[in-house]
Each structure stands twice: as structure tokens, then as C-alpha cells.
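Since the structure comes first, as C-alpha cells, the remarks are kept for the end.
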Amino acid sequence: MPSMVLIFDFLSIFLAKKTNNIALIIGAAVNKQNFNILVFGHFDYRLPPTTNLDRRYCHLLSSSTTVSNKYHLRTRKAGAAHLELEAQGNAAMKKVLLLLNCFLLAIGNCGGPLIMRLYFIHGGKRVWLSSWLETGGWPIILLPLTATYFHRRSTQGPRAKLFFMKLPLFVASAVIGILTGFDDYLYAYGVARLPVSTSSLIIASQLAFTAGFAFLLVRQKFTSYLINAVVLLTIGAGVLALHTSNDRPEGESNKQYVLGFLMTLGASALYGFLLPLIELTYKKAKQEITYSLVMEVQIVMSLFATLICTIGMLINKDFKAIPREASEFRLGETKYYVVLVWSAIFWQAFFLGAIGIIFCASSLLSAVVIAVLLPVTEVLAVIFYQEKFQAEKGVALALSLWGFTSYFYGEIKQSKNKKPTPMTEMPQIPNP
């Protein structure tokens, strides 16, 4: 670069005339190469009146600075184009990850409640065991996490990190995991007492709780369509509460049914709080959030949630009861363990999909996807378990679908109103 050649010219002047101003400029140029244009741009003001030889170098400096400015501007434009291409690539990758996590969430959100209810229908009675299965499948996440590590190692060599998580994020994930453990118990208790169709409709109120906590924790912006969706979903859950005894399973008291209703509602509220809390954790984390790190967060959360449920199982002596319960399971002992394994797999897909959507988009979208899958779970519960579908459930379902439609219409309308902002060029540095 011409400016680097000038450094040596300045050095010769400095040795000949020992001018302090020039020495200062040389030091700045050598120590900070990208700063040389800014310093050289003010060179003519720093240099006191000197000989014609010095002014000859000042003139040379001014013309060289112009060349250097043009060089840096071309570099900045090329860098901006590179960043734009990289941003487009990242956006495309995020869309792929978003679709993948929506698929995982769909599998877990539909399959998890159904197979958990299957356990209770055919003789299962251990609520803490069902809670444990919701997060006990966390070792499954080690498989893709290991694959990503070996991929990094093949490209980065031995310096590739095994784990990215730092201590503050680990502590936050552990706290969220403990709360998730209690949420698992509330939900499992509700599924044990309520039909799947009823518990799923109650869980639809989670969108209202998520929206409220998202506003408080992550400053989620509300539109009229979002408010309409939240109100409709809340009313839908309230309609179910008006006639709770109509679909009470045989042999279950009214007290147990009401308690199951309240526990499911509590699980909905708590998980509605946890989703924005996870989003807040991502935003406050003092490190770059990648999908590998998201899987690490899922492992830590599930590990601590499983520890809470393990303590509950030990107190309730569930580990000792498993062999006896398996032998008495109406579908057979082998299918008992198959049900437990698949329950763990389905729920792990649910949790990974939920926090993955938060990583790709927002906690509110995660809650919306959970709620959108409600009709699918409803239909599957009626088909497989011949559950009753009274008028109250039909009204609640209609209100829920209306709410979902309102939300998505608002999102589509809002996205159309947004205009892409063109990338601005770096300003030219004026010549002195």
C-alpha cells in the first residue's frame, strides 16, 4: 500500500530532521495499520511550517491518502457484499432449522400426550415416572451433538471445542431445568386424570400465558390480531371449565377430575413462563448462540428436570414398583417398556423442537406452533381412544382455530408491511 511506503519515507525525514509530530504519526501508523488513513488525513494540520522538502512529502501524502481511501472503500464494499451473502446463507439455514424444529415439535406434541395417556389407560399409575420420562430421554441429544463435534474437528482440527456453554448460561439452564421438572409433574398429573382431548384444549391457554410473559420479559410487541388470538384461546379454555364433569373417566371422583384440570392449567401457565424465559436467556447470554449450543442447553435443562423427577420417584418408591407394574400392564410386559421408551423419545423431540423454534424465531411462535397442533391431537385422541367429543369441546376447538387464524393473518399482514432495508455503504473518508 502507498501509505506503508510513506512510513519509510517519513522515517527518513524523522532521522534527518527529528520532527516530533512526524514521529507521532509514524508510531500511530505502525501500531494501528487501519488507523493510518485517519491520522494521515490530519497530517497537514499537525505539521508546523517547514521546508519545501517537507511540503513535498505532505503533497505526496495527500495524494497517497486518496488512493488509500479508494482502496479501503473497495475493501469495505467487498466486505459488505460478503457479509450480505453470509447473512443470506444464515437466514436460509435458520429457515431449514425452523422447519426441522417445527417437525420435531409436531411429533412430540402429538405423540407425547397420546402415548402418556396410553400408559395410564392400560394400568399405569406412576405420575412421577411419567414426569421422569418427559425429560429422561436427554442422552438422545448426545448423538447429534457428538456428530456436530466430529464435524467441527474435521474442519478446525484439534482446537475444536467439545462444549461451548459457559458458566452463566449453564446456571440459567439449570434453573430452567428445575422449573421444567415441576412443570413435568403438573402436566403428567393432569394427563393421568383427564382425557387427552380435554387436557390438550386446556394446554391451548398456554399461548395466552406465553404472550403475557413475553411482553414482560422480552418486550414482545402486541398487535390487535395477537390480542384477539389470546382472548379467543382464553375463552376457549374457560368454556371447558363450565362443564368439567361431562367427560370424567369412569371410576374417577369429581375431586380428582377438578384437581387434574387445575394441575393441567398450572402446567400451561408455568410452561408459558418458561418459553419467554428461555428466549430471555438466549438474549442475555454473553456468548454466541448456535444450534449446537441450543442442544447443550436442552441437555442441561433435561438433566436437572430429570433429577427433580428422580427425587420424586425415590420418595414415592416408583423404581421398586416398575417391575410389578410392568407385569400387570394390560398390553403385556414387553409393550410396557416399549411405551416407556417411546414416551421418552417423543417428549425429547417436543422439548428440543420448542427451544429450537425459540432459537430460530421467538418464544411466542413456539407457543403458537404448540397450539396449532391442537386439532391434530384432538382428532387422534378421538380416533385411537374413542373419547367423547361434546359440544363444549367443539366450541373450544372452534374458538382455538379462530384464534390461530387471527394470529397467522396478523403475522402475514405484518410481514408484508415490512420493507427490506438496503445495506448502507461505509462513508468515504474526506481528503484533507
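Just so you know, glycine gets a Cβ as well, placed from its N, Cα and C.
Annotated range for transmembrane segment in TrEMBL, selecting from 71-90, 391-410: 391-410. Comparison of 162-182, 194-218, 257-278, 290-316 by number of C-beta pairs under 8 angstroms to the transmembrane segment (364-385) places 194-218 first.
Here the transmembrane segment (257-278) has Cβ contacts under 8 Å with residues 176, 179-180, 182-183, 186-187, 189-194, 198-199, 202-203, 205-210, 212-214, 216-218, 220, 237, 241, 244-245, 248-249, 297, 354-355, 358, 363-364, 366-367 of the same chain, all six or more residues outside its ends. Listed by sequence, the residues of this chain that lie at least six past the ends of the transmembrane segment (290-316) yet keep a Cβ under 8 A from its Cβ atoms are 97, 126, 128-129, 131-132, 134-138, 141-142, 144-145, 148-149, 163-165, 169-170, 173-174, 176-178, 180-182, 184-185, 278, 281, 348, 351-352, 355-356, 359. Beyond its flanks by at least six residues, the transmembrane segment (194-218) meets 113-114, 117, 187, 226, 229-230, 233-234, 236-237, 240, 247, 249, 257, 260-261, 264-265, 267-269, 271-273, 275-277, 279-280, 283, 362-364, 366-368, 370-371, 374, 377-378, 380-382, 385, 387-389, 393, 396-397, 400, 403 of its own chain at Cβ-Cβ distances under 8 Å.
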